[in-house]
Amino acid sequence: MNILKSLISVGIMTLISRIFGFFRDVLIAHIFGASMFTDAFFIAFKIPNLLRRIFAEGAFYQSFIPILIDYKSRKDKEYIQEFIRSTCGFTILVLTTFVILGIIFSDYIIFISAPGFSESSKKLQLASNLLKIMFPYILFISLSSLCSSILNSYNYFFIPSLSSSLLNISIIVFSFFFSDYFEPSIISLAWSVMIGGFFQLFYQFPHLYKIKMLVFPKINFKNIGLIKVLKKMGPSTLGSCANQISLIFNTIFSSLLHSGSISWIYYADRLIEFPIGIIGVSLSTILFTSFSCSYSNNTQSEYKILLNWGIRFGLILSLPISVILFMFSKPLVIILFQYGKFTDFDVLMTQKALELYSFGLVSFILVKILVSAFYSCQEVNIPMRISILTLFLTQLMNPFLIFYFQHSGLALSCSIASWINFFLLYWKLYQKGIINFKLNDFIFIFRLLIAVLVMTFFLIFMLYFIPSWKIGSFFDKIIRLFTILSISGIVYLIALHFLGIRLLNYSDKLFQKK
């Protein structure tokens, strides 16, 4: 498998999905602004999203793929199909029960997730109604993730990465054409989420059929593969839950702050998730499969090479982007969100949160790579323990940081906790002898920092000649921003070249060793 080719393919599709996602958020900001209605929607939407990250993209994904890849190399097709049938049947049974309970107890879930909503019965009831509509999304997206995991295991990365765009397209279509048919109109977004999840699932069926892995679900708790997945899912779920519980606590804190805080954090989070999705998710998705193959084939040298390549490539891409996000936080918020009911005050509040999120971007991305390295060799306890520790530290920091920074203190605590998470994971890999920090690694980081510094000085110089970002049409601003960032990217690449970091040669070395 050509890792760089797969990475580019997934990265491009993720970029397209994120562009749709930004267009979606621009529409929401334009139509609804930062109001009681958006706060209610974002809280309700966050709950199935948190569950998606735990069940679909977290514990299940990390436990299922290594076992499936191991079976691919040792078992016949019928054995693998039986494993998939049993896994699918178990997933449907558990999550259908979960969805029914979630709909029944939606009022209590909202009250626990956002206690600040209790001051407004209308806000609480609206969020509860939205949650009832969206709860089935967790079933659709979890089954979609199962399909994606199977396709990824067979080195089909393009199709699963495209499916994420379908949710954004659904929300865009409903915002444009159906919002006037609902009262209040924010309910249209809830229906768009559920329908988008439906299409994300069924879109992948023809591609599963092509590889003869489209099978009918079956309830079989005795399947050996399923039992292995469930055993691994215990610690994996705790690790995933720790991260998501931290987000729930952040939501609770933000619900107690100034009205609009939830929306400001959401919009800043959307901006920081853009590079995390394109770089972090793409890298970890591709590398996770490669790590699992290396572990299954017992080729530790290849495993170490892949991990070193992933960390270095992640640093090369994430460091300059973190600087750009910090320096261009205000222009990005203005260009993408300041329309309709989104005010100057909303821009300022979102900007503050984004600036503090940007400090953690590098660690957000590197943590995904390191966690993939652990899970691929079926080591789930270490990431779980570190996740629980960082959850505890984050919630210790939150009250103090909120006192000084209000809602943006939540962004800062996430960034600090992510760096702690990264260093602890790195240290554990170092103790295991998987990572060895050598002199050439120090030289690499030093050269990389110089290249980023050169780009930063160039950006500072360019900012002196840039007119106010409030001047010009949307497309004028986009062209202006794209031009500046493109030139800055070229400056960065030239600096890397002169400092001896040549991306093409660097990638070629990886494939030669593979």
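Any Cβ shown, glycine's included, is placed from N, Cα and C.
Taken from Swiss-Prot, the feature transmembrane segment covers 3-23 (among others), and the record attributes it to sequence analysis. Long-range neighbours of the transmembrane segment (3-23) within the same chain, counting only residues 6 or more positions beyond its ends whose Cβ lies under 8 Å from a Cβ of the stretch, are 155, 157-158, 161-162, 164-165, 168-169, 172, 270, 273-274, 277-279, 281-283, 285-287, 290, 306, 309, 336, 507, 510-511, 514.
According to Swiss-Prot, the feature transmembrane segment maps to 92-112 (among others), an assignment based on sequence analysis. Outside the transmembrane segment (92-112) by six or more residues, the chain places 43-44, 47, 51, 55, 118, 124-125, 127-129, 131-132, 135-136, 138-139, 142-143, 217, 219 with a CB less than 8 A from a CB of the stretch.
Look at Swiss-Prot and you will find 130-150 (among others) tagged as transmembrane segment, backed by sequence analysis.
Taken from Swiss-Prot, the feature transmembrane segment covers 157-177 (among others), and the record attributes it to sequence analysis.
Residues or ranges marked as transmembrane segment in Swiss-Prot: 186-206 (among others).
The feature transmembrane segment is assigned by Swiss-Prot to 245-265 (among others), with sequence analysis given as support.
What Swiss-Prot lists as transmembrane segment is 271-291 (among others).
If you look at the transmembrane segment (315-335), the same-chain residues 6 or more away from its ends with a CB under 8 A from one of its CBs are 267, 271-272, 275, 279-280, 347, 350-351, 354-355, 357-359, 361-362, 365-366, 445, 448-449, 451-452, 455-456, 459-460, 463, 469-470, 474, 477-478, 481, 485, 488-489, 492, 496, 501, 503. The feature transmembrane segment is assigned by Swiss-Prot to 315-335 (among others), with sequence analysis given as support.
A Cβ distance under 8 Å defines the sequence-distant neighbours of the transmembrane segment (354-374), meaning residues of its chain 6+ beyond its ends; these are 62, 239, 268-269, 271-272, 275-276, 279-281, 283-284, 287-288, 291, 303, 307, 310-311, 314-315, 317-319, 321-323, 325-326, 329, 332-333, 380, 382-383, 405, 408-409, 411-412, 414-416, 418-419, 421-422, 425-426, 429, 434. Per Swiss-Prot, transmembrane segment is recorded for 354-374 (among others).
Summarising the annotation, Swiss-Prot assigns transmembrane segment to 386-406 (among others).
Per Swiss-Prot, the feature transmembrane segment maps to 409-429 (among others); the stated evidence is sequence analysis.
If you look up Swiss-Prot, you'll see 448-468 (among others) marked as transmembrane segment, on the strength of sequence analysis. Beyond the ends of the transmembrane segment (448-468), by six or more residues, the same chain brings 315-316, 319-320, 323-324, 327, 480, 484, 487-488, 491-492, 495-496, 499, 501 to within a C-beta distance below 8 angstroms of the stretch.
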Query = Apart from its near flanks, which chain residues at least 6 from the ends of the transmembrane segment (409-429) lie with a Cβ under 8 angstroms of it?
reply = 246, 250, 253-254, 265, 268, 307, 353-354, 356-360, 363-364, 366-367, 370-371, 373-374, 382-383, 386-387, 389-391, 393-394, 397-398, 400-403, 435
Message = Using a threshold of three or more Cβ pairs below 8 Å, and leaving out pairs closer than 6 in sequence, do the transmembrane segment (386-406) and the transmembrane segment (186-206) count as in contact?
response = no
Message = Using a Cβ cut-off under 8 Å, which residues of the same chain at least 6 positions beyond either end of the transmembrane segment (386-406) come close to it?
response = 238-240, 242-243, 245-246, 249-250, 253, 257-258, 261, 352, 356, 412-414, 416-418, 420-421, 424-425, 428
